[in-house]
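In what follows, a single structure is set out as C-alpha cells and then discussed.
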C-alpha cells in the first residue's frame, strides 16, 4: 500500500492493452479456471449495482473526466535516505511543530511508552490523510505521499501506506496537474482533493511522509545545518505561492530526532549526489532533480519570525525532552507489551529494551513457553499464500539508537507460521531480514519462504545501502532455497508522479543490477518489483521476472459484497492480460480490508452516508475473506494478504472521518485475533508453497 488517494482506473495502460477498444475480458479466456469468485451477479464498477451477468468483469467504459485544479509548478525538494517516515517527528513549526507533535504523542499514544509512542509521529500534511499509514518501509509503514489528482472513478483515497510517494512530494497549498485526462491510469501526486479534511499525509503501504503547517513562522536555511542527507533530518521548502510553509527544525532529545519536511519532489530515483544544489520550482525536475537544494532567502521581517522560532524551539525541546525522557532507557516498540498472560511472559514488560528482553527471556525458540502458547492458536488457519510483513522498530536510523527486538520478531513469526508459508519483506535496513531468518531457525520452521524486499528511495544513499545489504544477505546465506525471490521497490512508479518514465528506467536498472549479481553468484532467484495494478506496462513486464500488483478494493470504494469479484477482475484486466504470450507469473502483492474506521467511496470519506461505498469493519473484513480466501486457495490465485498485525502508531494518520490507518491487521498489535473476526478454515485445505 502506498500513499493517499490511490485510485483505480479502467482506462488503458501505457501499452493500450486495457483500453476499452482493445482490451478483452481475460476472464472469458484461459483465466476462467483461476477466478476465486463463485458464479453470481456481476457488479457494475461505476455505479456499484449488480447485474445478471455473473461476477466476472468490470465494464469496459471506465474512462471518466477527472477534475483538476490550478497548476503551480512543483518544487524540487530534498530526499531523505532515512527509512521513510519513522525518522521524522513532525512539521517544523513554532507551536504547531515539534511541540504540537509532542503533545499529540502524549494525548493519542497514551497506551504506548517511550520510542514506541513516538513511532509514526513523523508529521502532518494539512488536509491529506495517509493511505495505509505506513511511513516506513514495508507493510509496517504507510509510504505516504501527496495524493493523486481528484477523480470520479474508483479511487483509493489513501494509498496503502507501504507504498506512497517519497518524503515530501508536494508543496503545501498547491495542486498541480501534469497528466492528460486521457490517461487516468497515471497517478498525479500533486493535487489536493482533501481540502479541509484535516488529514495527515504520509506514505503504506510505504512506505515517506510529507508535512505542512498553516502558520510556520520562520525560514531556515538548511545549508547552515550539517546534514549528509542520510540522518533523517530533512529540510523542507519555503513556498512563496502558498500561505502555508514548511520548515525543517532538527532537534534531539534522548536520542530521538524530530524533523519536519516536505521531501523530494525532485527525484524518486535519479537524484544527484548530495553535493548538487538545485532547488526551486523547476518544471519536469522529477526524478532528475538534485537530492539537496538551496532555499530561497528569508523574506523581510524574518527577525520577528526568528524570535518566534527560538521561543517555540525552547518549548519544543522541553516537551519533547519530557516525552523522550521515558525512552532514554531504550524502550522499543514491543508488541508483547499488551499480550495476555496466556501468551506472554515477563517479556511483556512495557519498559524492556531488546537487550532486556533477551536477558530476561533468553533467545526465544520453539521450546519456550511463550512461543508454545503463540503457536497453539486454534483460530488461526494456514490459508494465505503469502502475508506482507515488516518487523516492529526497523526504521533507519532510529534503529541504530533503539535496536529492534529479535524476540519480538520470533514471536511474530510464531504467529505467522500458522497463517502462511510465505512472508514478504519490504526492506533490508536494521537487520530485519537477518532477524526473520534467525526466528525461522529458532522455531525450526521447515516450510517457510521469504520474498526479500529492497526499499528504493529518492536518495541514492538509501537505495545503495538497501541493495548492498541485500547482496550481503544473499552472499552470507548458507542456503538460498529459503528465498522465493527479491522485490526491488514497492510502488516506486506511483511515487514518481509525473516522472513515471524516468522512474521506470531507473527502477529497471536497479532490477537488472540485482539480476546480474545473482547470476554472478550462481543464484537462481526471480527479481521483481511491486506497484499499483495499473502502473504496469509491457516494458516493466519484460524487465521483471514476476508481475506483482497491489490491488485494494477498499480504496476503490467497492462495496464489500462486490470486492472479491472486483479485485480479481481488476487484476486480470490490468496485469494478467499483460503477460499473455509470456511465461511470466502474476501475483497480487497486496490485498486486504480494514476492520474499522469509516467508509470510502472511491475518493475518500466523502460518502453520502455511513453505509455507502467500502465500509471498514470486522463484519466486512469477514465478508471479504469469506468471498476471497478459500476461492483463491482452491483456484491457485497467488496473493499476499495485507496484513497480519495492527499498527497502533499509525493512528496519527487518521482523520475525523478516516480512522482506518491503524486497523488493517487480522490481529491487534498484541497478536490477539480481533473480536468477532473469523479466518476461514477452507475445509481444512491449507496454503502450500
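Positions of Cβ are set from backbone N, Cα and C atoms, glycine also.
Swiss-Prot lists 491 with the feature active site, proton donor, giving similarity to another entry as the kind of evidence. If you look up Swiss-Prot, you'll see 590 marked as active site, nucleophile, on the strength of similarity to another entry. Marked as compositional bias 'Polar residues' by Swiss-Prot: 175-188. As annotated by Swiss-Prot, compositional bias 'Low complexity' applies to 341-360. Feature annotation from Swiss-Prot assigns N-linked glycosylation site to 408, 431, 459, 609, 635. Annotation source Swiss-Prot lists region 'Disordered' at 1-91, 128-147, 169-195, 334-365. Taken from Swiss-Prot, the feature topological domain 'Cytoplasmic' applies to 1-307. Sequence annotations record features per position, and here Swiss-Prot assigns topological domain 'Extracellular' to 329-689 based on sequence analysis. What Swiss-Prot lists as transmembrane segment is 308-328, and the listing cites sequence analysis.
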Nearest-integer angstrom distance between the alpha carbons (Cα) of residue 408 (N-linked glycosylation site) and residue 459 (N-linked glycosylation site): 30
Candidate with sparsest Cβ neighbourhood (10 Å radius) among 491, 590, the listed active-site residues: 590
All-chain count of other Cβ atoms within 10 Å of residue 635 (N-linked glycosylation site): 15
Neighbouring recorded positions, C-alpha within 10 angstroms of the residue listed as 'active site, proton donor' - of 431, 459, 590, 609, 635: none
Sequence-distant neighbours of residue 431 (N-linked glycosylation site) in its chain (C-beta under 8 A, six or more apart): 394, 404
Mapped DSSP class for residue 590 (active site, nucleophile), helix or strand or coil: strand
When distances run from the Cα of the residue listed as 'active site, nucleophile' to each of the glycosylation sites 459, 609, 635, the nearest one: 635
For residue 408 (N-linked glycosylation site), the number of other Cβ atoms found within 10 Å of its own Cβ: 26
Rounded inter-Cα distance in Å - residue 459 (N-linked glycosylation site), residue 635 (N-linked glycosylation site): 41
Other CB atoms, at most 10 A from the CB of residue 459 (N-linked glycosylation site): 28
Spatial separation of residue 609 (N-linked glycosylation site) from residue 635 (N-linked glycosylation site) - C-alpha basis, Å: 36
